[in-house]
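Peer 1: Pulled these from TrEMBL:
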- 12-38: transmembrane segment (TRANSMEM)
- 50-69: transmembrane segment (TRANSMEM)
- 89-114: transmembrane segment (TRANSMEM)
- 135-155: transmembrane segment (TRANSMEM)
- 196-220: transmembrane segment (TRANSMEM)
- 241-266: transmembrane segment (TRANSMEM)
- 278-305: transmembrane segment (TRANSMEM)
């Protein structure tokens with residue numbers, strides 16, 4: 001058990017913002033699941049299942065970061081501290097973060113590959129780009145298994161850090177008492193295992209991003225092809241699905257990379273927590289809540305999902321022929 005010296009205070013405004021976001025996001029996730037499971041057209045089932053898996057990954061990440069781990073970074077010291085009922089197991093809880101991020105990345109890649117397969121089936125000639133997407137996807141799967149293996153192996157480097165904390169204290173200045181507890185730890189870049197963990201994770205990210213980008217390129221190429229056996233109306237629907245997916249993917253990428261860049265910027269400029277008390281909490285909340293933002297965006301930009309949502313609340317449709325926006329079962333299944 002951790003003693004009282006291991007606890008630290010969070011800004012009151014952050015606690016309020018956290019509860020407000022949770023109060024809004026949990027019902028929103030519930031509504032999204034309800035619409036996808038019970039209100040979506042039958043020919044939407046296959047793609048719906050991919051969307052449910054992707055949205056669940058956002059909910060899982062939010063619960064992990066905001067409730068289970070409840071992490072904050074106490075700038076300018078790049079130390080991650082947990083402040084909840086299982087804070088003493090913070091290094092172990094952290095190991096679930098790569099799993100959540102891998103789940104999110106895999107679900108995004110699956111959506112892009114599905115959209116590609118949904119249109120490429122109407123082409124008679126073979127595609128080299130499709131083969132590259134498949135090969136890169138399998139390499140991505142291999143790399144994430146390696147990442148998961150390193151996630152387990154780095155536990156001692158997270159748990160036992162007294163010597164490393166002494167080194168960091170010499171660099172950043174005197175630590176607060178709670179920073180010496182097990183609920184606070186650094187990324188131990190002195191460890192060779194930790195270095196390889198980040199290298200393999202970077203390789204996995206590049207493989208997944210490249211595969212998704214090639215799938216996107218192939219989908220656009222097929223939809224715009226004059227030889228593809230799709231009507232103009234169906235092509236329009238495919239484009240709408242693709243635009244919605246791209247926007248959601250951009251939100252995921254931006255809301256993870258920008259906060260990480262923000263942390264590095266703050267550490268480089270040695271910004272103290274007293275000067276900007278909410279800065280690390282805001283960056284953490286962006287990562288935590290970006291799944292909810294992505295889900296809302298997807299429902300607002302996808303015509304079929306938006307019209308299903310409006311219909312459920314008995315809001316008049318902007319178009320009287322809403323059924324004309326549905327894909328045929330052969331293109332959606």
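Backbone N, Cα and C define each Cβ position, glycine as well.
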Peer 1: Count the Cβ pairs between the transmembrane segment (278-305) and the transmembrane segment (196-220) that lie under 8 angstroms and are 6 or more residues apart in sequence, then report whether there are at least 3.
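Peer 2: In this chain the transmembrane segment (278-305) does not contact the transmembrane segment (196-220) - fewer than 3 Cβ pairs sit under 8 Å.
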Peer 1: Sort out the residues at least 6 away from either end of the transmembrane segment (196-220), same chain, that have Cβ-Cβ distances under 8 Å to it, and list them.
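Peer 2: Tertiary neighbours of the transmembrane segment (196-220) are 98, 102, 105-106, 108-109, 112-113, 115-116, 119-120, 127, 129-130, 132-133, 136-137, 139-140, 143-144, 146-147, 150-151, 153-154, 238, 242, 246, 249.
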